[in-house]
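The following features are taken from Swiss-Prot:
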BINDING   397, 398, 399, 400, 401, 402, 403, 404  ATP binding site
COMPBIAS  668-679  compositional bias 'Acidic residues'
DOMAIN    347-554  domain 'MCM'
REGION    668-690  region 'Disordered'
MOTIF     529-532  motif 'Arginine finger'
ZN_FING   159-186  zinc finger
């Protein structure tokens with residue numbers, strides 16, 4: 001088929017002699033031969049079916065593998081790579097001819113070619129002028145997307161003087177009119193009108209990409225470059241995506257510089273020379289002016305694909321991913337390793353040590369962050385309400401307790417993570433900003449940290465230092481996982497399906513064990529309820545721990561590689577994470593009942609004043625338990641949430657809900673309203689450490705002898721011992737209440753004291769110790785009655801205010817257990 005370029009016929013009619021590009025025409029012929037002759041591994045013509053697809057109205061781009069091209073003709077591949085921008089129109093003509101041979105293609109339809117699988121990838125920093133015009137592959141993170149516009153690629157103009165049509169005037173990234181009317185009699189050079197019906201337009205979109213943190217040299221500012229997408233490539237990436245762009249680097253006039261406010265963007269008047277030489281010099285900029293001759297580099301992309309889709313690109317959260325599709329993406333050796341990991345009995349611990357090999361201790365935090373990476377299962381109700389599956393974690397702790405290290409580790413490991421500091425971030429920087437485009441002067445949305453971390457993790461350090469108005473901005477993102485913007489005429493709801501890992505310092509710099517969690521952190525109740533897990537790190541002076549940490553740090557400084565003890569490599573963990581995340585575990589009936597039972601326990605404990613939680617228990621904590629259980633099931637590659645998964649989820653949740661550190665109990669506070677409220681921090685866990693700075697030995701409960709000299713020291717009991725005595729008394733009173741004899745169902749205070757002293761008589765060695773023990777148990781019962789309201793004194797006779805009131809205040813009242821009190825395990 002004899003193809004004649006329409007622009008050539010137009011130029012011939014205008015009497016202009018065009019020089020033939022023989023190299024490009026030869027490339028066109030060879031490329032068409034490649035399309036018609038290249039066969040795949042199955043022996044079929046590889047690109048024939050793709051060409052037949054181009055008949056569909058929405059398709060106009062043929063995707064070609066560069067590896068196939070190199071295999072077919074190395075010289076052709078090299079020429080295309082080096083002279084891509086020059087030969088690109090000719091390659092498109094070859095595609096058009098190839099498509100016409102294999103289908104009924106409309107005459108005026110434009111076709112394009114796109115290349116994939118380019119062998120080398122360049123950084124944005126490496127885009128310099130020597131690379132202009134060659135075929136490149138660059139990678140970066142999309143930070144801003146513009147709306148899709150129609151772009152004029154080939155214009156048909158009407159001469160306003162003689163009504164002649166000038167067809168196929170090629171547009172070079174700016175509005176270009178014909179240089180002269182093609183009618184030999186007419187000398188019109190300026191008065192033309194565009195005929196939009198006969199001109200050709202193509203979809204056009206501009207995006208801005210930026211260097212990723214991993215590619216950035218230390219201390220450098222991230223470079224960014226504008227990318228132009230056309231035809232099928234438009235809308236193929238969203239803000240926050242990490243993508244590879246294949247295309248060429250080109251130079252375009254910088255319109256924003258040329259049309260600076262207050263300066264006319266017209267050709268500046270020149271001092272005329274001899275007649276006929278006034279326009280000599282710069283040509284083709286008539287519409288823009290030559291004031292500054294400002295140009296800029298942009299990247300013209302013909303193909304966009306997610307960076308590393310196997311482990312961490314857009315496919316990480318794809319709904320249609322199955323175990324089979326992931327298995328097909330792995331090599332046999334990789335798949336065997338994933339299978340071996342799934343059979344590991346000690347997988348939970350091994351994954352934690354592999355993820356954070358340089359952080360000593362803090363095992364609970366490691367487990368919580370690991371479950372956050374696996375995540376729960378997102379769901380949608382019948383009404384269309386979305387329930388998030390992502391887990392939010394907050395780490396609160398003293399300075400130098402490795403909070404920021406956890407965040408940095410997650411940022412480096414997670415395929416799509418953004419690290420930001422709370423104090424240096426504004427509401428717009430975290431969510432999304434509306435900015436004015438410098439060229440079109442339209443408002444466009446620029447992605448913030450939460451949008452950039454969509455389908456990933458957003459690490460926010462110094463979370464407590466954020467201004468309140470900035471904290472409020474992420475309320476919606478943390479629960480609904482969307483960001484709503486209504487400003488500058490732009491109304492949009494954007495996705496922010498991200499897990500938030502926050503680190504915060506306590507108020508005053510040190511965690512005060514005598515206060516609840518809420519009093520220790522500068523966070524509002526709505527924000528606190530949106531976190532699934534809270535972890536408290538306290539910098540304790542412990543000789544064993546201090547030695548171990550110092551040893552680990554010195555090892556890291558002296559022998560960096562040898563001291564890192566990993567069971568699995570990071571790549572193996574990433575592969576396993578990707579495989580495990582495609583499981584959608586269902587909750588079994590047994591697990592469902594267990595979850596409900598545990599939630600009831602949390603609510604009842606929160607309701608009773610005795611064991612107040614660190615913050616209010618709401619339905620969000622129930623959802624947190626479900627998400628954590630699903631994360632545990634995913635980690636073990638299970639299709640069903642089992643009670644053991646719920647048990648671990650409840651244990652982690654319990655750790656964060658109840659105050660971890662509890663102060664000593666002051667038994668001498670008689671009718672004083674002290675700030676200290678130990679009942680807020682009661683923890684039934686066996687993990688609670690013995691009280692610190694106490695005057696009572698926490699192991700056997702012996703009281704130290706106190707001097708009678710003023711001022712008299714207050715009698716203090718460590719919290720674990722206080723709790724043990726309290727539980728003993730409650731169990732004894734409940735036992736008496738449950739007896740069905742006709743005896744009394746309550747016990748007098750003196751009888752209870754005698755029973756307790758008899759129980760511990762083996763521990764009492766002297767009369768003095770017996771007196772001390774009796775004093776302690778008397779004070780404990782007084783506190784259980786008047787402060788904790790665990791025990792109730794029964795009034796035998798008369799009502800309050802009657803003549804028998806004095807009898808009610810007897811020294812030896814009957815005691816019963818408060819019916820609302822829940823005895824913890």
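Glycine too: its Cβ is placed from the backbone N, Cα and C atoms.
These figures come from a predicted structure and were not determined experimentally.
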Rank the binding-site residues 397, 399 by the number of other Cβ atoms within 10 Å of each Cβ and report the first-ranked residue.
397
What is the average pLDDT across the motif 'Arginine finger' (529-532)?
84
Same chain only, sequence gap of 6 or more: which residues have a CB within under 8 Å of the CB of residue 400 (ATP binding site)?
539
Identify all same-chain residues not among 397, 398, 399, 400, 401, 402, 403, 404 whose C-beta atom falls within 8 angstroms of the centroid of the ATP site's C-beta atoms; report them in sequence order.
503, 505, 537, 539
Any idea which of the binding-site residues 401, 404 has the thinnest Cβ neighbourhood at 10 Å?
404
Counting every protein chain present, what is the number of Cβ atoms, excluding its own, within 10 Å of the Cβ of residue 402 (ATP binding site)?
21
I'd like the per-state residue tally for the motif 'Arginine finger' (529-532) from DSSP, helix first, then strand, then coil.
2 helix, 0 strand, 2 coil
Since the record lists 398, 403 as binding-site residues, which of them has the fewest other Cβ atoms within 10 Å of its Cβ?
398
Structural state census, the zinc finger (159-186) (DSSP three-state):
0 helix, 7 strand, 21 coil
